[in-house]
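Peer 1: Below you will find the structure I want to go over with you.
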């Protein structure tokens, strides 16, 4: 076989074998059955899908009532001081707010899917609102 000329190559710097730590060596020598059992973990996305199905089945309000009521009162302060609210009025506002947010997230998800993504981003919300005509 004919000899070929060797060209110089840059070394990639192979790693030298390191000494094992005492804990690693002890772990390897210990029997596998005597170890602590790992807690069960679902695959990524499984719990998310379960939560989606659960919340789509349910009809209860998802935002806590008192924090929402405080937010409504805080926003109302900017328009008129000493406003009073019937409890049914706050409930109606909360129903409408949650319905709006659910619809917005549905449209946002469609925008993310259109961009060949599964993760929603702020730009998806902005696009959904722009298409709806809520913000120019």
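Every residue, even glycine, has its Cβ placed from backbone N, Cα and C.
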Peer 1: In Swiss-Prot, one of 1-43, 44-86 is tagged region 'Disordered'. Which stretch would that be?
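Peer 2: Region 'Disordered', as annotated by Swiss-Prot, spans 1-43.
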Peer 1: Given the modified residues 57, 65, 80, 123, which one's Cα is the least distant from that of residue 5 (allysine)?
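Peer 2: Minimum Cα distance from residue 5 (allysine) across 57, 65, 80, 123 lands on 123.
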Peer 1: May I ask which residues of the same chain, at least 6 positions away in sequence, place their Cβ under 8 angstroms from the Cβ of residue 111 (S-palmitoyl cysteine)?
Peer 2: 120, 124, 125, 127, 128
Peer 1: Excluding near sequence neighbours, so keeping only residues 6 or more apart in the same chain, what lies with its CB under 8 A of residue 57 (N6-(2-hydroxyisobutyryl)lysine)?
Peer 2: none
Peer 1: Would you mind checking how many other C-beta atoms are within 10 angstroms of the C-beta on residue 80 (N6-succinyllysine)?
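Peer 2: There are 7 such Cβ atoms around residue 80 (N6-succinyllysine).
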